[in-house]
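Colleague: Pulled from Swiss-Prot, these are the listed features:
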ACT_SITE  37  active site
BINDING   12-17, 49, 108-111, 169-170, 197-199  ATP binding site
BINDING   16, 49, 108  Mg(2+) binding site
BINDING   41  substrate binding site
């Protein structure tokens, strides 16, 4: 059994499509997969990341906890809605209930690693420590990514959360000079597990499955579950 938290260097970097792609690749490798998104914001505009994972990857074991209408950071979205954030033990219990032998459990955060997900001030990093998870970091290939990536990795290391690698959430075609340079530099910081093509979320399920299988190394995916 393996719990992998999927975090990112910020909002809009492609965490959901990466969750879906890794889930699809794992399922094609014969691995049982569950996906958890403890906190979802932006529901008033139709944001539903778990439904997107289900549509793209065919995962049926999907679990969420708190949903807030406005597309804001969870604490701000909760305050705006007159609601509370979940408690730390609620999130931990949600994840623990999914975890089982032979299963890969993916836990998608909201925004970046240190965004508050639970009261008081609990972040995805704290949850990762609680459930003994490793982290996959979704990054961009844009200017600023090297600094943002290093800051995220330093924050993980500060609490002894292992990094399973990086995934570029949206890889342009063709890549420009900056993207190509940053991809090489990112690979010197940590292992780049995949670079998903820009617009991958718009693919149908069949094309998405083929893309996902090609994007990730099958041996690495198979080795995620011991």
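Every residue, even glycine, has its Cβ placed from backbone N, Cα and C.
Quick one: how deep are these features, and who are their neighbours?
Modeller: For residue 37 (active site), the same-chain residues that are 6 or more apart in sequence and have a Cβ closer than 8 Å to its Cβ are 49, 50, 53, 62, 63, 64, 107, 108, 110.
Cβ-based neighbour count (10 Å, all protein chains) for residue 170 (ATP binding site) stands at 22.
Mapped onto three states, the DSSP output places residue 49 (ATP binding site) in helix.
Residue 41 (substrate binding site) falls within a strand when secondary structure is assigned with DSSP.
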Colleague: For each of 49, 108, count the other CB atoms within 10 A of its CB; which of these binding-site residues has the top count?
Modeller: 108
Colleague: Show which residues of the chain containing residue 198 (ATP binding site), separated from it by at least 6 in sequence, have their CB under 8 Å from its CB.
Modeller: 170, 171, 172, 173
Colleague: Could you state the CA-to-CA distance between residue 14 (ATP binding site) and residue 41 (substrate binding site) to the nearest Å?
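Modeller: Residue 14 (ATP binding site) and residue 41 (substrate binding site) have their Cα atoms 15 Å apart.
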Colleague: Helix, strand or coil at residue 14 (ATP binding site), per DSSP?
Modeller: coil
